[in-house]
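K.L.:
Below are the structure tokens for one structure; questions will follow.
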Amino acid sequence: MTREFLKMHGLGNDFVVIDARHTPYQPSEAEVRAIANRRTGVGCDQFIVLEKSDAPGVSAFMRIRNADGGEVGACGNASRCIGWLLMEESGADAVSFQTAAGVLHASRADQGRITVDMGPARLEWDAIPLAAPADTLRVDAVEHAGYSAPVAVNMGNPHAVFLVDDVSAVPLADIGSALEHHAAFPERANIEFAQVLSPTQIRMRVWERGAGVTQACGSGACATQVAAVRRGLTERKADVILDGGTLTIEWTPDNRVLMTGPIAVSFRGRLSAELVGPGDRVDA
Ligand SMILES: N[C@@H](CCC[C@H](N)C(=O)O)C(=O)O
């Protein structure tokens, strides 16, 4: 038998989710790329594997891989999806689970939405990480195609947020890759362009590391709200409007970043035999 998967998304940022809590599954980068391929595979922005965790007080471990196969520390939209799955399974209204970047806490919010405490925003240059010491409020070393001095924030993964006057004018697909791979970011970076509409509303577009332009990025929305508060542009709680919909983000005075938004299940399926090597098949 091949592996069963669940296709889920958060505001159009979509995931193939595999439950490997009983039968371990660690596909190679090439295998993840094949599954994520929208023409020949299932198609997704991120590939999520739910694994067993022996850590106290957590329900599972969430492993996150980008469409390019690389493993990363955070994915806000998938965290809401996994939080919801684990709560549905247990019947609880709150759950904790582990990621490579730390333990996350998810809970039910209004209108079927899910809140995830995405943990602290890291703002030190070497936590982003940047290649050299710099003020993360304006990283002057970064300049490309007329866009410069982003705010750098680590939300378990690296983000560079450019605050601009007109986000719709940004040629994101043309310049995203060069910024992701800028020499200032030794681990590459997720790139956000954001326009503050009011003290409680931001419009944001994203180029994700390892995935390109996506409909939404939860950790990117968190980084954007942190960046806007740091620049004195928004209140502590604001709506971040992405191409795929809206997330409410609150950066608390004790440095927790709370993200609230919807989740969706698209369909359940099985990976075809070509996408799963013989060694990774599961018993019927
Ligand atoms: N879509 C995600 C972020 C996924 C990881 C990111 N591309 C990275 O490389 O760090 C989100 O919703 O946060």
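Using the three backbone atoms N, Cα and C, a Cβ is placed for every residue, glycine included.
Copying in the features that TrEMBL gives for the protein in this structure:
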type     : residues                                                                          : note
BINDING  : ASN13, GLN46, ASN66, GLY76, ASN77, ASN157, ASN190, GLU208, ARG209, GLY218, SER219 : substrate binding site
ACT_SITE : CYS75                                                                             : active site
ACT_SITE : CYS75                                                                             : active site, proton donor
ACT_SITE : CYS217                                                                            : active site, proton acceptor
K.L.:
Quick one: Cα separation, ARG209 (substrate binding site) versus CYS217 (active site, proton acceptor), in Å?
P.N.:
11
K.L.:
Who sits close to ASN190 (substrate binding site): which same-chain residues at least 6 apart have their Cβ under 8 Å from its Cβ?
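P.N.:
ASN157, PRO158, HIS159, ALA160, GLU180, VAL206, TRP207, GLU208, ARG209, CYS217, SER219, GLY220, ALA223 - these are the non-local Cβ neighbours of ASN190 (substrate binding site), listed in sequence order.
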K.L.:
Can you grab the distance from ASN13 (substrate binding site) over to CYS75 (active site)? Cα atoms, rounded to a whole Å.
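P.N.:
The Cα atom of ASN13 (substrate binding site) is 10 Å away from the Cα atom of CYS75 (active site).
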K.L.:
Taking 10 A as the limit, how many CB atoms besides its own sit near the CB of the residue listed as 'active site, proton acceptor'?
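P.N.:
Counting Cβ neighbours of the residue listed as 'active site, proton acceptor' within 10 Å gives 36.
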K.L.:
Between ASN13, ASN66, ASN77, SER219, which of the binding-site residues has the fewest other CB atoms within 10 angstroms in the structure shown?
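P.N.:
So among ASN13, ASN66, ASN77, SER219, the binding-site residues given, the one with the fewest Cβ atoms within 10 Å is ASN66.
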